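Worksheet: one structure, shown below.
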Amino acid sequence: ATVKMILGSIAFAIFWVLAVFPAVPFLPIGRTAGSLLGAMLMVTFRVMSPDQAYAAIDLPILGLLFGTMVVSVYLERADMFKYIGKLLAWKSLGAKDLIFRICLISALSSALFTNDTSCVVLTEFVLKIARQHNLPPHPFLLALASSANIGSSATPIGNPQNLVIAVQSKISFGDFLLGILPAMLVGIFVNTLIIIGMYWKLLSTHKDEEHASSEVVAEEDVTFHRFSPATMSHLSPSNSLESIDACIGSPAIRGHSAHIESLRNRLNSIENEILGFDLSARNSDTSRDTTIDGACQQKEGDLTVRRIETSKGHFSSQVKSLFSGKGIGEKYKQTLWKICVYIVTIGMLVALLVGLDMSWTAITAALALIVLDFKDARPSLEKVSYSLLIFFCGMFITVDGFNKTGIPSKLWDLMEPYSQIDHVSGIAVLALVILVLSNLASNVPTVLLLGGRIAAAAAAISASKEKKAWLILAWVSTVAGNLSLLGSAANLIVCEQARRAPHLGYNLTFWRHLKFGVPSTVIVTAIGLILIRD
């Protein structure tokens with residue numbers, strides 16, 4: 001109906017504006033509240049019923065995102081991010097080399113753990129790396145988000161729309177990988193060159209012009225991640241010598257000499273005050289002066305001895321605790337726990353590779369890590385970004401309501417005659433339609449809406465063309481996420497995580513992303529279309 005089409009478009013427009021400009025002057029309620037407002041308007045305007053709104057929420061995606069957030073907490077506690085930091089910083093040749101490494105790591109991890117997972121895990125870490133090297137954050141954030149999207153296109157488990165395509169098309173994991181992998185590898189390389197070329201001068205200055213007054217992040221602080229609590233404190237024999245030296249040279253012991261000197265000065269002052277009352281008595285009675293001075297020195301010496309003995313006893317107890325079986329056992333217990341974390345994570349990856357349910361696999365891995373930790377899980381669960389999960393709930397309802405207006409379907413009906421896959425011009429038109437719809441209605445609804453129609457049109461030509469049509473849909477709908485900030489959930493995750501990062505908050509604006517996204521998306525998409533195999 002025309003009325004529902006208009007009202008649904010209004011609701012979607014309000015959501016779109018608040019998602020792009022979360023602090024818009026006339027309604028500065030933010031992205032999360034904006035998505036809920038759009039969902040509420042879809043139901044209030046009767047574009048969709050309440051039952052349809054609930055059904056529109058994609059629980060598997062929410063479960064996958066929640067599970068990977070929890071897993072990231074325990075991976076950080078197992079020092080995974082410290083190892084990634086060493087890999088990024090190992091023999092680094094500067095800012096451009098860091099951009100290349102971030103693109104490569106983001107792409108590979110996205111192909112194996114989904115793009116959302118990579119962005120959840122790496123966003124704040126990348127911010128801290130940029131701050132540590134006194135570099136502007138936005139080129140690194142763009143490298144992370146865009147490479148995550150491109151890298152996730154290579155496998156059926158890389159993102160939700162690929163999973164839908166793999167299920168509907170019945171393309172095997174190997175055929176899917178071989179069909180898109182060449183396009184993904186070349187796309188990552190080209191995308192990296194675009195970022196470096198666009199920000200060449202900025203990356204060469206080694207100065208953050210927007211945050212020149214920001215503190216440089218300490219190297220040891222790079223190992224901390226937003227989702228995780230503070231690193232567990234324990235003393236291990238591997239760093240025993242450093243700990244002993246630190247204890248010997250600590251202010252607690254060095255300060256005794258200063259304190260004793262201060263006490264000596266204070267006693268001398270008291271002595272002078274006492275003796276100053278009667279100078280003549282002092283000259284006439286030197287024996288009393290000697291007695292008082294001796295008593296003060298004896299009191300000072302006794303106090304010094306007691307303090308030194310106390311410090312020696314405390315230091316001795318620390319050394320005994322260090323080399324006792326308790327300290328060694330705690331080290332091996334912690335090492336065993338880290339190994340278990342890595343084994344569970346690898347098991348989750350294997351389960352995803354063999355095609356088990358993505359969301360339940362992630363949730364199962366998260367619960368396994370919680371049980372293995374054998375502690376109250378509340379501190380870890382409190383680190384999950386629940387506002388981000390709520391934002392996705394509102395977005396699912398709003399986008400589904402917009403699809404029900406029929407506007408995306410009418411657009412496809414107009415373009416379908418010109419989107420035949422057996423011509424270069426048809427492939428170009430098809431890619432353009434997918435790209436536009438993926439940014440207007442999100443990539444997953446676009447795949448659900450167009451997948452069957454595109455495959456049917458291609459199957460009328462040949463079976464190989466049908467397979468190529470599915471792969472083109474997977475490639476374009478995924479890379480289209482780089483066009484704008486709203487094009488991909490990974491972009492929104494990077495934006496929100498960067499904005500909320502403690503002491504490192506950075507607002508990646510819509511226009512800054514669009515400035516890079518348009519040329520990158522067009523060039524990478526075009527190259528990929530040439531390399532995709534039947």
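Glycine is no exception: its Cβ is also placed from the backbone N, Cα and C atoms.
Just so you know, TrEMBL annotations are computer predictions that nobody has curated.
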Annotated stretch (transmembrane segment, per TrEMBL) among the listed ranges 115-133, 514-532: 514-532
Long-range CB partners for the transmembrane segment (384-402) (under 8 A, at least six residues beyond its ends), listed in sequence order, are 8-9, 11-12, 15, 19, 31-32, 34-39, 42-43, 47-48, 52-53, 56-58, 61-62, 65-66, 69-70, 227, 408, 440-442, 445, 489, 492-493, 496-497, 500
Under a Cβ pair cut-off of under 8 Å, which of the recorded stretches 55-77, 423-441, 514-532 contacts the transmembrane segment (176-200) most often? 514-532
